[in-house]
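K.L.:
First the structure, then my questions, so here it is.
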Amino acid sequence: MAGGDAPHFRRLVVIGLGLIGGSLALAARQNALAATVVGCDERQQSLDEGLALGIIDEVEPDPAQAVAGADLVVMAVPVQANAEVLERIRGTLPETAILTDVGSVKGRFVADVEHAFGHLPANVVPGHPIAGSEKNGVGAASASLFERHKVILTPSDSTDSTALSILAAFWSACGAEVLTMPVARHDEVLAATSHLPHLIAFSLVDTLAGEEDNQDIFRYAAGGFRDFTRIAASDPVMWRDIFLSNRDAVLEVLTHFSQDLDQLRGAIESGDGRRLLQVFTRAKAARDHFSRMLSGEAYLTTMNNESVRYRAIAGGPVRGDIRVPGDKSMSHRAIMLGALADGITEVEGFLEGEDSLATLQAFRDMGVTIEGPERGFVRIHGVGLHGLQQPHGPLYLGNSGTAMRLFAGLMAAQSFDAELTGDESLTRRPMERVATPLRTMGARIDTAEGGRPPLRITGNQRLKGIDYELPVASAQVKSCLLLAGLYAEGETIITEPAPTRDHTERMLNGFGYPVAREGAKARLRGGGSLTAMPIDVPADISSATFFIVAAAITEGSDLWLRHVGVNPTRIGVINILRQMGADISLHDEREAGGEPVADLRIRYAPLSGIRIPEDQVPLAIDEFPAIFIAAANASGRTELTGAAELRVKESDRIQVMADGLGTLGVTHEVRDDGIVIEGGPYGGGRVDSHGDHRIAMAFAVAALRASGPIDIDDCANVATSFPGFVELANQVGLSIQVSGETA
Ligand code: S3P
């Protein structure tokens, strides 16, 4: 919550001049938040020190005297001392004064106030700065202690809203970020995140100090011990009081922790390395995720972060020798099939983008042990087709339509219920296309209004094979039904109206699960099993496309792209650009893990507009934003039809691209199922990617040939498919600046 203008108090009284009280008094003085700051403490020495250090203006050892005439009173005494202090100030505290505290336990403070005053006065606003250090005493006070730290205020229904906003503004003026939450919730959260870790640190140091050879233990204690036990040097009296005051919430989380610790003990005793690895990898992932969250980079926090903006300017030539990150479609499938296989699957080249990381996390949430990712390497401990466990909550699939549709097929066949959710863009995407045929197979699936996510899937249904003609050419729907078919009785046969990417079929075959392919049909029989195999994920041709187009439109360019997946169901972009005159050659064509791979060389050559063959559309479905930029740089007109699917991708890619092209001054005409683009010179301007990663990257490429800078809004989602895009682009001759990343 944002505080308003900085308040100015006549008389600010801080009762309890320790580290927190002293720091707050000092911050108030340095930020000119009070005319007089009064220190009150039963220890004269603290008062003298506070005065000498310029932390307070006045001293008053008697709380009853101190609060007379105050307009803000902050209680910063140990939690257990609150009751007595409240009794003493009750008679002299002005009715209009705001009373707050800084304790770690809010329920107890509220109870003490109610006991002393007979009710909870409207001007009492409990507070808790999440700041401190293992140092104690007023001598350690620092005016910057609260800067960029959170302060939680816990108002009740009867709290005066003016008092609340004045106090919030006061803390904001001290540099803190102010949040509000109910008292009980605060105490539960703190029991888990602060109180329990302190208890464990105190206990561990005490245990080790009691060992006979404790000298050696402490002498040889490595960094880990030091890091872990730093907080055991905190103030014992304060912590005694906290545990006595927050008894119930602490006991609850302690019980939980003790059970988990007993399980780990059991795993060590019985040599259950699998269990240990499962806990450790899950914990490591959670810890890494927290670190990224705290630095504003986690997928949950960056998704839909509209503040990331690119400014791209003309540049080139595009030259270099690079490898773009791993294929997104294959990365999702590698995790899924690896998890369902018997044995350990090792994956190289895994895409560490937010979408595939969300898939990885979802399988961890279903009890699968997954090591990594570590520079593209992932080791998946498969649980077999029937080994997934019910997740504790909904499975969050980020921005990924592929994940949601493939998961739908898989979850429909499990013995437990599941809920699939995602970010705001995913919530708008059509899911009926998978729900309807899955229901025909016997699945129970509820969607939100209009067939949109979230999907609620009821487990324990018996699925039957299906013979289904896809109404739209969609690899996602095909794959969804094939995955459900693994569990279905009898045969599942899918016929597609036009070829779409066949990674699921290839990878299933690689895992030893036979999928027959006859023309437009893919068929498999339920009831088999998958055997783990190593997977080498090639570079993503969809990510490579931005560089292919960049080199194809910029004079003097000569670019190598290494180890790119060139599966015939994915090379529509190469076919289309070649037809436009692009100079793209494939070198060292080879096979890696059942997928064709090649090195690509792209040299500049003038492009001409074409009528894009409709049979190429499914084979280039994700590449159109970049192909439109190629068209804008070609001579003559390029015409696309039969591409209505583009309207239901991460954004309406026909309209959003048309809007951006219009801003740049590119002549175009929008059709229901496509677009016509007239090539020619264009300018700069400000375009909105609508949070669509591929549109953001396409306009960054367009800037190479624009006569002015292109500012692109809402680019955070580039991280879903192409982490490191800007660095790689700038390395080969593009010129992109990023702003607003940490907002
Ligand atoms: C994908 C299939 C395509 C594509 C998507 C990935 C896949 O979607 O657009 O980015 O991995 O199966 P459709 O098959 O729905 O067109």
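Placed from the backbone N, Cα and C atoms, the Cβ positions cover glycine too.
As annotated in TrEMBL:
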| type | residues | note |
| --- | --- | --- |
| ACT_SITE | D622 | active site, proton acceptor |
| BINDING | K328, S329, R333, S474, Q476, D622, K649 | 3-phosphoshikimate binding site |
| BINDING | K328, G401, R429, Q476, R653, R694 | phosphoenolpyruvate binding site |
| DOMAIN | 10-298 | domain 'Prephenate/arogenate dehydrogenase' |
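In terms of burial and nearby residues, how do these features look in this structure?
P.N.:
Of all Cβ atoms in the shown protein chains, 24 besides its own fall within 10 Å of the Cβ of D622 (active site, proton acceptor).
Every protein chain shown contributes to the tally, and the Cβ of S329 (3-phosphoshikimate binding site) ends up with 27 other Cβ atoms within 10 Å.
Long-range neighbours of K328 (3-phosphoshikimate binding site) (same chain, six or more residues apart, CB within less than 8 Å of its CB): L351, G353, D355, S356, T402, D540, S542, S543, S721.
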K.L.:
If you draw a 10 Å sphere on the Cβ of R694 (phosphoenolpyruvate binding site), how many other Cβ atoms land inside?
P.N.:
27
K.L.:
Just to be sure I understand the packing, how many Cβ atoms besides its own are within 10 Å of the Cβ of R429 (phosphoenolpyruvate binding site)?
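P.N.:
So the number of other Cβ atoms within 10 Å of R429 (phosphoenolpyruvate binding site) is 19.
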K.L.:
Nearest by CA distance to R694 (phosphoenolpyruvate binding site): which of the recorded positions is it, out of S329, S474, Q476, D622, K649?
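P.N.:
For R694 (phosphoenolpyruvate binding site), the closest Cα among S329, S474, Q476, D622, K649 is found at D622.
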K.L.:
Do you know offhand how many angstrom separate S329 (3-phosphoshikimate binding site) and R429 (phosphoenolpyruvate binding site) by C-alpha?
P.N.:
18
K.L.:
Quick one: which of the recorded positions (S474, D622, R694) have their CB closer than 6 Å to ligand 1?
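P.N.:
Close enough to ligand 1 are S474, D622.
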K.L.:
Considering only the binding-site residues S474, Q476, K649, which fall within 10 Å of D622 (active site, proton acceptor) when distances are taken between Cα atoms?
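P.N.:
Near D622 (active site, proton acceptor) by Cα: K649.
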K.L.:
If you measure from the C-alpha of R653 (phosphoenolpyruvate binding site), which of the binding-site residues R333, S474, Q476 fall inside 10 Å?
P.N.:
none
